[in-house]
Amino acid sequence: MPHKRWRMALTIIYTCRAFAKKHLSAVLLRSPSYVAIDVPARKSSFACLVKEKQYDSLQRLGGAAAIAAALLSDAEHGIAGDPSDLRRRREAFGSNTYPKPKPKSFFVHVVDALGDVFLLVLVACAAVSLGFGIKEHGIKSGWYDGASIFLAVFLVVAVSAFSNHRQSQRFDRLAGECDNIDVTVVRDSRRSEVSIFDIMVGDVVILKIGDQVPADGVFLAGHSLQLDESSMTGESDPVYVGADENPLLSSGAKVVDGYASMLVTAVGTDTAWGEMMGTITRETTEPTPLQERLSGLTSSIGKAGIAVAVLVFAVLLTRYFTGNTEDENGQPEFDKRHVSANSVGLPLAVTLTLAFSMKRMMQDNALVRTLSACETMGSVTAVCTDKTGTLTLNQMKVTQFWIGGGEQIEIGGSGKGTTAADTATAIAGTVLGLFHQGVGLNTTGSVYKAGPLSELEISGSPTEKALLCWAAAELKMDAEELKKSYKVIHVEAFNSEKKRSGVLIKENYGRGTVIAHWKGAAEMIMARCVKYFDSNGMIQELGIDQRVKSEQVIKGMAASSLRCIAFACKQIEAKDSGIQAEAPKLEDDGLVLLGLVGLKDPCRPEVKSAIRSCRDAGVAVKMITGDNIFTARAIAKECGIIQDDDYDGLVIEGQEFRNYSAEERMERVDRIRVMARSSPFDKLLVVQCLKQKGHVVAVTGDGTNDAPALKEADVGLSMGIQGTEVAKESSDIIILDDNFDTVVTVMRWGRCVYNNIQKFIQFQLTVNIAALVINFVAAVSSGKVPLTTVQLLWVNLIMDTMGALALATDRPTKELMKKPPVGRTEPLISNVMWRNLLAQAVFQVAVLLIFQFAGQAIFGVSEKINNTLIFNTFVLCQVFNEFNSRKLEKKNVFEGILTNKLFLGIIGVTIVLQVIMVELLTRFADTQRLNWGQWGICVGIAAISWPIGWIVKCVPVSSTPVHQLLTRCKAF
């Protein structure tokens with residue numbers, strides 16, 4: 001046998017050489033029964049099969065089976081999969097990766113930061129200052145002012161570039177997490193999940209609805225397989241793939257229907273998808289909606305700064321030509337204008353808070369794919385959620401079993417003294433055999449047993465695993481024997497629209513009986529049944545009484561929060577089976593009911609409190625599920641979506657909502673609590689109606705057909721465990737643990753992002769208003785500006801970098817989920833913020849103007865020391881005001897401060913650097929050293945910010961935005 005395999009493999013490999021370009025110089029082994037092959041061969045013949053659609057070459061090579069043999073693989077058993085086998089395949093054919101474009105270097109981010117127009121103005125001013133300073137005072141002392149400005153600009157640019165560079169690296173890592181999907185392969189006869197990057201040539205890959213084709217390959221077996229190749233070809237129509245028609249599968253395609261196994265023939269850059277992806281640059285600098293809103297605010301601040309600078313320049317120029325400005329010797333002089341770089345701060349704050357939030361959300365089981373989703377989740381007003389796996393544990397278990405006639409069969413281990421043997425013997429042999437077929441062959445799962453004494457290894461979806469486990473344990477189903485005894489002719493795969501799956505099988509021995517098996521939603525299968533099997537295995541007519549009895553059983557299961565699945569079958573005459581047809585049709589009418597199975601999926605223990613948190617936060621939760629209306633209602637009550645006092649809430653079916661007129665849908669969509677038996681189109685329709693009513697909508701989804709709703713929603717949330725790759729690619733955030741509580745956590749983080757940005761805006765606007773007013777008033781009145789360019793840049797550095805780090809990295813608090821969500825049109829600067837910042841700005845302006853005009857007389861100091869007092873007091877006011885900015889409305893600004901060590905550390909660093917600026921860098925900062933008493937004055941006056949912040953929060957403000965109040969005033 002080994003010699004025959006060797007000869008076949010050798011013949012095929014030498015045939016491949018006619019089409020080859022690259023050498024295969026590795027040894028490939030599958031099992032001890034295979035011999036080593038160490039012959040010169042070429043891999044590009046396999047690679048070109050799919051890339052160049054070489055159907056003739058496929059036939060010339062002997063088809064998929066021959067290629068599998070050449071690659072020492074097998075359609076049933078796959079490759080050996082041991083480390084040495086994988087290493088040799090990787091060396092021979094390469095890995096399933098592609099070279100990614102080189103990310104932006106730190107230098108590129110520096111250049112981007114220097115592109116800011118305000119920094120360019122400062123650089124020009126620094127150059128002019130440097131030139132005039134050297135000309136006027138000589139190179140020994142004339143370079144200080146210009147060099148100081150250059151150094152300040154350098155610090156601002158360095159901080160901004162470093163932050164953006166770190167953000168870019170973080171996005172690249174997150175992108176890698178998104179790309180690293182799991183793929184089901186067959187290795188050494190058992191199914192296992194491996195990373196897409198670990199796929200090897202020769203692997204047998206199992207594909208189902210929603211999967212992405214991980215590499216180029218050849219169709220081995222399967223049914224009704226349709227692929228979406230729009231990502232490669234641009235054609236949106238699904239492409240049928242089969243053994244005789246179009247048997248080649250391209251990497252990157254999505255499975256939209258059916259299932260199949262494929263043999264991998266090319267990986268990585270040997271595929272067209274890999275070549276294309278290697279040339280695509282992942283751009284992570286697209287601004288989020290919040291950043292776009294802030295860019296308008298930044299622009300306004302910048303324009304105000306320019307206007308003040310121009311006015312100051314005009315005033316000083318006029319005073320210069322009229323001789324009203326004098327130097328220290330009483331001689332006329334001209335003082336340079338002063339501008340600031342405020343445009344760096346807001347974008348930096350948004351970048352920091354979003355990057356910080358994304359990192360923390362990853363730790364909380366939420367992978368952010370779209371940056372804007374972080375902030376949008378804070379504005380969500382309605383959440384449309386699935387049931388299975390999101391509100392429930394997704395741990396299915398069969399707890400009830402009814403034979404078609406309405407007779408309940410006790411399940412072993414139920415606590416009633418029954419055993420698995422009792423369950424199997426309680427069913428007539430004919431019915432038991434049909435159940436074996438209906439469960440074991442009408443499935444996308446698999447049952448594997450390594451040896452007689454080994455445990456069963458069952459794979460598949462939670463529902464399939466529960467049914468297979470039940471059938472193997474309770475009904476004594478032998479999966480291997482079933483595969484030998486029956487041939488699968490045709491399969492109708494399950495999807496969320498049909499809510500059922502079917503299989504057409506033919507007996508290999510005996511009379512060659514052909515049987516159609518169906519399973520799916522109980523009421524839908526029941527509607528197609530005309531007969532049923534009784535406990536004795538006899539077929540009886542399904543009359544009205546018996547149908548009512550069965551419907552009562554279904555309702556009873558649903559009331560117990562069970563998912564009810566019906567099994568039915570139909571024996572088909574050989575001449576009617578459609579076996580010879582190209583696309584046999586599976587008959588789904590005139591069925592015989594086999595029985596009903598109830599599966600229990602308990603609610604997650606934390607989901608009730610999570611839904612209560614949503615209700616407290618003003619967020620409506622709507623459950624949209626494919627289950628029947630009774631099961632859906634029971635689960636909704638258990639989770640807290642439906643309450644006893646909720647008399648206005650609606651529980652409806654998808655078809656009912658679909659049949660409403662447009663006006664009726666808009667009228668009732670807010671009242672919907674549960675939508676049962678819904679299709680993906682129904683979910684999309686609900687999302688569209690909610691958005692038209694002004695809601696910010698988040699949607700959870702896991703299926704391929706959920707993609708339209710996920711894309712339509714303001715935030716699409718896909719499931720990381722049960723979600724298909726199509727759903728994940730259509731979503732903005734992946735919920736890694738499929739838990740609704742994580743959805744609430746993401747919402748809390750979204751509100752935290754928005755709240756942190758508001759804190760920083762309040763803090764920065766206070767500094768800007770105070771600095772502009774002080775310099776403008778001083779320049780107009782006395783011709784002298786108390787805060788120099790370097791000092792203003794230092795304040796900006798504190799305000800931008802230190803302030804952003806301190807205020808933009810607060811973690812979410814419980815209070816955030818006790819406020820109503822921020823609507824789409826809510827102003828970024830609320831009335832509360834205006835109240836707080838104006839009070840602090842007025843205080844700072846008043847104090848510093850007193851220092852400016854009367855400070856020398858009050859304190860008996862020189863002008864240089866007075867200016868240092870102004871600068872030092874101004875900076876310390878910002879330090880104390882950072883504490884006030886931690887809480888926009890709460891009076892106790894110190895709550896939870898010990899848990900934010902970063903904030904305390906930044907405050908400490910800021911104070912140390914300020915001491916260095918005043919006491920050591922006197923020439924750089926144009927300051928003079930202060931004594932302990934003068935430091936005490938600065939600290940004491942700055943500390944008044946705290947009582948002012950406490951008092952001003954006692955003043956109530958209207959919730960109506962300022963612009964609306966002004967509009968009303970104009971109307972009067």
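Here the Cβ of each residue, glycine as well, is placed from N, Cα and C on the backbone.
Under the heading domain 'Cation-transporting P-type ATPase N-terminal', TrEMBL lists 57-134.
Under the heading transmembrane segment, TrEMBL lists 106-134 (among others).
According to TrEMBL, the transmembrane segment annotation covers 146-163 (among others).
TrEMBL lists 301-321 (among others) with the feature transmembrane segment.
If you look up TrEMBL, you'll see 341-358 (among others) marked as transmembrane segment.
For 760-780 (among others), the entry in TrEMBL reads transmembrane segment.
What TrEMBL records for 792-809 (among others) is transmembrane segment.
TrEMBL lists 837-859 (among others) with the feature transmembrane segment.
Residues or ranges marked as transmembrane segment in TrEMBL: 902-920 (among others).
Counting residues 6+ beyond its ends, the transmembrane segment (932-952) has Cβ neighbours under 8 Å at 835-836, 839-840, 843, 847, 859, 861, 865, 869, 872-873, 876-877, 879-881, 883-884, 891, 893 in the same chain. Taken from TrEMBL, the feature transmembrane segment covers 932-952 (among others).
Long-range contacts of the transmembrane segment (837-859) within the same chain: residues 762-763, 765-766, 769-770, 773-774, 777-778, 781-782, 786, 865-866, 869-870, 873-874, 877, 881, 884, 934, 937, 941, 944-945, 948-949, 952, each at least 6 residues beyond the stretch ends and with a Cβ under 8 Å from a Cβ of the stretch. Summed and averaged per residue, pLDDT over the domain 'Cation-transporting P-type ATPase N-terminal' (57-134) gives 83.
Secondary structure of the domain 'Cation-transporting P-type ATPase N-terminal' (57-134) per DSSP, as helix, strand and coil residue counts: 50 helix, 1 strand, 27 coil.
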